[in-house]
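Sequence annotations record features per position, and here TrEMBL assigns domain 'Phosphomannose isomerase type I catalytic' to 6-153. Annotation comment: TrEMBL describes 110, 112, 137, 275 as Zn(2+) binding site. TrEMBL lists 170-256 with the feature domain 'Phosphomannose isomerase type I helical insertion'. As annotated by TrEMBL, active site applies to 294. If you look up TrEMBL, you'll see 336-376 marked as domain 'Phosphomannose isomerase type I C-terminal'.
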């Protein structure tokens with residue numbers, strides 16, 4: 001029998017506590033869309049959908065003609081499906097993990113090491129850093145998506161040091177004045193910013209808890225009196241404090257940009273970039289790694305020294321953090337998000353209502369296709385039988401294979417495809 005090279009997947013769900021609950025979660029709705037028999041528990045969080053071959057969430061193959069149970073087993077048996085360049089570069093492994101996230105409460109403030117640091121951390125502390133790979137990642141908003149990303153421009157941080165005395169108390173006057181005097185000199189700015197952030201992360205627990213309680217009390221009273229608390233970032237501070245009371249991460253909002261992505265907008269998080277996801281739904285793609293250095297908004301291990309040493313202390317505005325997509329010259333339905341790392345790229349495929357026939361083109365890389373909206377009958381010479389694609393469908397497409405769609409929905413289709421464009 002000819003080898004099946006295009007097949008549907010049943011993907012792993014992660015029920016982390018920060019996820020949206022029941023059918024409020026886009027993850028749960030996609031799961032139900034892909035399998036109408038799926039059981040969604042209304043009080044359970046559905047945080048992440050994992051589409052890939054990661055050992056903690058290896059996708060199941062939904063084709064009973066294939067003897068391998070999971071995508072990871074199938075790739076191990078047929079590494080050529082990755083494409084020759086991808087197979088050789090990434091040693092027979094799928095180099096990315098594709099996800100959907102539905103965020104109800106904030107994820108930890110974190111950064112990911114580069115390859116060199118990852119290897120060192122893994123050798124020294126394997127219990128905290130389980131592999132030696134880097135973990136760049138990219139989030140593309142499905143709904144309005146809120147996060148923290150990178151250090152704010154200097155004038156904003158200095159404004160908070162002036163307007164939020166509780167924040168200044170953690171940093172200390174000397175470090176705050178050093179930061180002020182460094183304005184205009186990028187090297188001095190980075191050093192002064194590092195000193196300020198390190199001071200905050202290392203300050204005594206009693207000091208920061210007392211200052212945080214004072215800040216929460218002051219902002220709560222100001223809000224009750226109908227005052228504008230935006231100079232203290234009041235709304236976000238109270239929200240994060242309600243989710244993680246007494247957590248040092250609450251103060252990081254005065255250092256980090258708050259970013260609000262609209263659907264289709266993306267942010268790319270390279271090595272050493274401090275970030276946190278706060279709310280909303282997104283598609284995410286990342287290199288295959290679990291290496292995370294945390295900085296707050298978490299009950300998990302915080303490696304303060306590694307974190308403060310590794311971060312990229314380059315202030316930049318929110319606008320610099322939005323990662324652009326580029327429309328494909330040869331296919332106007334495709335918008336490419338192509339970050340500056342070899343491990344992954346993502347395509348958003350937007351088929352308008354006027355188009356009834358569409359070909360998901362062959363690439364020199366294996367890919368994973370997720371349907372967000374719309375329906376189609378799909379055929380491929382490498383699938384051996386027709387497939388129905390609908391909201392929540394996930395398809396593995398081997399390298400050099402295309403899929404023909406007969407679009408059946410009246411409103412067109414929205415899909416995302418993760419791949420590796422070497």
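Including glycine, each Cβ sits where the backbone N, Cα and C put it.
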Chain-mates of 110, 112, 137, 275 with C-beta within 8 Å of site centroid, Zn(2+): 111, 135, 269, 273, 274, 292
Residues of the parent chain within Cβ reach of the domain 'Phosphomannose isomerase type I C-terminal' (336-376), under 8 Å, 6 or more residues beyond its termini: 9, 30, 51-52, 75, 81-86, 89-90, 94-96, 98, 100, 134, 136, 138, 140, 142, 264, 266, 268, 270, 283, 285-288, 323, 325-328, 388-422
Cβ contacts of residue 275 (Zn(2+) binding site) (under 8 Å, same chain, 6 or more positions away): 109, 110, 111, 147, 148, 149, 150, 256, 267, 269
Neighbourhood of residue 294 (active site), C-beta criterion under 8 angstroms, separation at least six: 108, 109, 110, 300, 301, 302, 303, 307
Across the domain 'Phosphomannose isomerase type I helical insertion' (170-256), average pLDDT on the 0 to 100 scale: 97
Intrachain C-beta neighbours of residue 137 (Zn(2+) binding site), sequence separation six or more, cut-off 8 angstroms: 112, 268, 269, 284, 285, 286, 287
Number of helical, extended and coil residues in the domain 'Phosphomannose isomerase type I catalytic' (6-153), per DSSP: 39 helix, 43 strand, 66 coil
Residue distribution over DSSP helix, strand and coil in the domain 'Phosphomannose isomerase type I helical insertion' (170-256): 68 helix, 1 strand, 18 coil
Helix, strand and coil counts within the domain 'Phosphomannose isomerase type I C-terminal' (336-376) (DSSP): 0 helix, 21 strand, 20 coil
